[in-house]
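Before any comments, here is the structure.
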Amino acid sequence: MNPALQGLLTIVIGVGGCVAYFYFSNIILDKVLFPPRGPNAGRNINRANMIRPWLFLLPALLALGLYLAYPVFETLRLSLTQRVRGGGYEFVGLANYQQMLREPKFWEGFSNNLLWLIVVPAASTAFGLLAAQLTDRIKWGAIAKSLIFMPMAISFVGAAVIFKLIYDTRPSGQEQIGVLNAVWLGFDGGVGSFIWLRLVPGLLLLALAAGAGVLAWSLIKPVIGREGRSPGVIFGALRILGAVLMAGVVFVMLRQTLAVFTTEFPYGQPQTWLTIPFWNNFFLMIVLIWIQTGFAMVLLSAALRGIPEETVEAAIVDGANPFQIFFKIKMPQIVGTIVVVWTTITIIVLKVFDIVFAMTNGQWETQVLANYMYDKLFRANDWGVGSAGAMVIMLMVTPILIWNVYNARKEMR
Amino acid sequence: MAELKLKDVAKTYGGSVEVLKNIDLEIGKGELVVFVGPSGCGKSTLLRMIAGLEEISGGTLEIDGQVVNDVPPAQRGIAMVFQSYALYPHMTVRDNMAFALKLAKKSKEEIDAAIQNAARILQLEPYLDRLPKALSGGQRQRVAIGRSIVRDPKVYLFDEPLSNLDAALRVATRIEIAQLKESMPDSTMIYVTHDQVEAMTLATRIVVLANKGIAQVGTPLELYERPENEFVAQFIGSPAMNLLPGKITGTGAQTTVALDGGGVAVSNAPSTEADMGRAVKLGARPEDLLETTNQDGAYIFEGKVDFTESLGEVTILYFEKVNGADPVIAKLPGIHSDLRGRNVRLSAAPEKVQVFLDGRSLYYR
């Protein structure tokens with residue numbers, strides 16, 4: 001049969017099956033099981049209405065159970081077993097986990113995942129917020145928004161291919177087709193190079209360091225009793241943790257600022273960008289940021305529109321400048337949406353696989369946990385360690401997922 | 001001395017849509033001026049122009065002797081209370097009031113003192129650490145007012161501050177605002193409303209806005225007793241003033257008007273010889289019309305009562321329409337449940353009767 005016909009048939013059977021299921025199951029409920037007639041009509045209607053939601057939920061529950069819940073337990077079981085020669089499995093306890101923890105590639109994936117976790121949600125949310133705020137009042141804002149949103153329609157692999165072309169390298173002397181190398185070869189070590197490769201990035205890094213420093217200070221301020229009410233133990237600990245993290249960011253930023261001004265750049269040499277350790281992670285992250293900024297922008301733009309205009313006007317009358325209006329009036333009012341966006345992107349980041357798989361396949365120190373799991377599971381055929389990797393990802397996702405659902409529900413109320 | 005002076009102020013949108021023009025107004029220190037007008041007359045726009053939230057398209061605005069057309073809102077010495085209160089939902093009552101002072105880099109002691117003072121005046125002390133969502137409508141309104149008080153502005157601007165409150169609370173808050181004004185005799189207030197009762201009870205002067213300009217400025221009772229034109233006559237007072245067509249038949253210190261409906265009225269408004277025979281409209285408030293049983297005496301209007309509303313203290317009579325004009329309405333004191341369907345003659349005292357020639361009152365010539 002022609003594949004198109006097959007597809008059509010599948011659609012007809014699938015949709016028709018759904019409709020038939022809902023129609024006939026309700027008919028059976030109303031006509032056969034609890035008919036609204038006879039002496040018990042009232043009771044029967046109540047009972048039928050109690051059962052009806054479950055009729056509608058049943059297919060979804062079955063599918064989720066089969067494809068989500070069951071695999072979780074099966075993966076857990078597999079992560080505690082090991083294949084034996086000649087078929088079958090045997091229980092090995094935590095041996096798979098121990099083996100995994102001894103592997104440097106796992107720790108590389110783990111630390112890279114943490115790096116992704118910090119950079120991508122922060123950058124996507126920040127750019128999304130910026131885009132949402134800037135496109136709000138201008139005439140061509142709608143066009144700008146749809147352009148920024150467009151990458152959402154591209155698959156991760158497709159986006160990875162696009163960026164592979166951007167990072168492409170040709171031998172010295174040939175025409176560079178990669179945009180990044182074409183730009184890079186324009187630098188010759190003169191004044192322009194100093195401005196664009198040392199001064200601008202240096203100042204940007206300093207600004208980031210300052211921003212992180214301010215954030216750290218504002219996090220720690222209530223804890224040491226300088227402002228507001230003292231937070232509880234849990235939030236106090238979280239604030240201290242965040243402040244320490246931010247202090248670390250400040251340190252890294254300052255070190256990189258120094259590096260930006262002192263490193264010798266190999267001018268005139270085309271670079272293979274994806275093989276530069278540490279930095280190649282960022283080249284991969286840019287792909288995901290490029291995609292997720294649109295998502296963040298759409299949600300945050302809707303949230304910004306929801307802010308009562310009069311509170312902004314009251315702030316203007318109170319003497320707030322545009323920055324104060326944005327950070328002290330607008331941002332606090334949409335903080336719930338920001339958290340939802342942030343955690344949603346965090347979950348996507350923890351699962352990131354396609355981009356790394358398609359661009360570097362985890363080489364040159366770009367491994368991430370999902371790709372590590374895939375490597376073990378389908379290349380090394382080691383189901384035990386692969387499942388252990390999967391469990392680690394799940395353990396990391398779960399708390400964020402719960403928090404995300406909690407926040408999303410709070411937003412809806 | 002004028003605290004606030006508007007000279008030939010105009011507002012246009014996009015260069016072609018004219019909303020306000022030729023607004024000339026002086027507001028003295030300590031006055032409470034109320035802007036009223038039908039919806040869409042630009043009263044809120046005018047307030048927002050004074051606040052600095054809308055650009056002034058033409059003319060000048062002076063506050064305390066300084067032209068402030070291009071001065072940002074925060075430096076104009078004004079504070080504004082919004083219709084929806086516009087409290088910052090993420091800040092406590094205290095922080096809401098402190099926000100402007102913190103931005104102005106006031107010292108902590110100053111801020112605390114200002115907040116304590118405002119909270120005492122407005123009885124908000126128990127709620128200082130609550131978020132706005134934990135307050136009732138009236139309390140939120142008081143916080144919004146408190147946010148203005150702490151800034152100690154030269155001019156307070158109120159944009160329909162009571163329209164989000166229910167009827168009972170509106171009366172209570174109206175009285176609170178009146179008391180607040182009394183406790184701060186030196187502060188100037190501008191108050192926008194579409195509610196006549198608020199305008200009549202609160203204002204030292206009322207500005208009636210209509211047709212892109214000012215229809216009349218005056219004390220509440222001036223507007224009520226001596227409206228300058230037909231618009232103000234019908235806008236102030238409820239039910240609206242009756243306007244009856246007629247011709248001038250007698251001139252001098254008093255004007256006599258023969259009404260098209262057959263009646264004759266005498267008004268204290270002066271007129272000249274030249275006015276003889278001109279078509280005018282006679283204005284008489286429903287509450288100034290009296291039933292007259294003297295069959296030989298002069299009357300203004302005679303008609304059949306179509307419908308009555310008995311409110312106890314007064315009875316409102318709706319007469320049958322004549323030639324599609326608005327029905328004549330009379331408000332008689334006491335209970336008159338037997339008047340429906342009967343012919344009634346009405347008269348009015350000469351000092352209560354207005355005469356409008358080409359829409360303008362003869363009193364203002």
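Even glycines carry a Cβ here, placed using N, Cα and C.
Here TrEMBL flags A:6-29 (among others) as transmembrane segment.
As annotated by TrEMBL, transmembrane segment applies to A:50-70 (among others). Non-local neighbours of the transmembrane segment (A:50-70) in the same chain are 18, 21-22, 25-26, 29, 33-34; each lies 6+ residues outside the stretch with a CB under 8 Å from one of its CB atoms.
Sequence annotations record features per position, and here TrEMBL assigns domain 'ABC transmembrane type-1' to A:110-404.
Proximity of distant same-chain residues to the transmembrane segment (A:114-135), defined by a Cβ-Cβ separation under 8 Å and at least 6 residues beyond the stretch ends, is recorded for 141-142, 144-145, 148, 245, 249, 281-282, 285, 288-289, 292-301, 304, 326, 330-331, 338, 341-343, 345-346, 349-350, 352, 368. Annotation source TrEMBL lists transmembrane segment at A:114-135 (among others).
Look at TrEMBL and you will find A:147-167 (among others) tagged as transmembrane segment.
Residues annotated as transmembrane segment in TrEMBL: A:195-220 (among others).
Residues or ranges marked as transmembrane segment in TrEMBL: A:232-254 (among others). Long-range Cβ contacts of the transmembrane segment (A:232-254) within its own chain (Cβ-Cβ under 8 Å, at least 6 residues beyond either end) map to 118, 205-206, 208-209, 212-213, 215-217, 219-220, 222-223.
When Cβ-Cβ distances below 8 Å are used as the criterion, the transmembrane segment (A:282-304) is approached by residues 115-116, 119-121, 123-125, 127-129, 131-133, 135-136, 145, 148-152, 154, 156, 159-160, 163, 167, 273-274, 330, 334, 337-338, 340-341, 344-345, 348-349, 352, 355-356, 359-360, 366 of the same chain, each at least six residues removed from its ends. Residues or ranges marked as transmembrane segment in TrEMBL: A:282-304 (among others).
If you look up TrEMBL, you'll see A:334-359 (among others) marked as transmembrane segment.
With a threshold of 8 Å between CB atoms, the same-chain residues lying at least 6 positions outside the transmembrane segment (A:383-406) that come near it are 72, 75-76, 78-83, 92, 95-97, 99-100, 106, 109-110, 113, 340, 343-344, 346-347, 350-351, 369-370, 372-377. The transmembrane segment annotation in TrEMBL covers A:383-406 (among others).
Taking Cβ pairs closer than 8 Å, the transmembrane segment (A:147-167) reaches residues 131, 135, 177-181, 273-274, 283, 286-288, 290-291, 293-295, 297-298, 352, 354-355, 357-359 in its own chain, all 6 or more past its ends.
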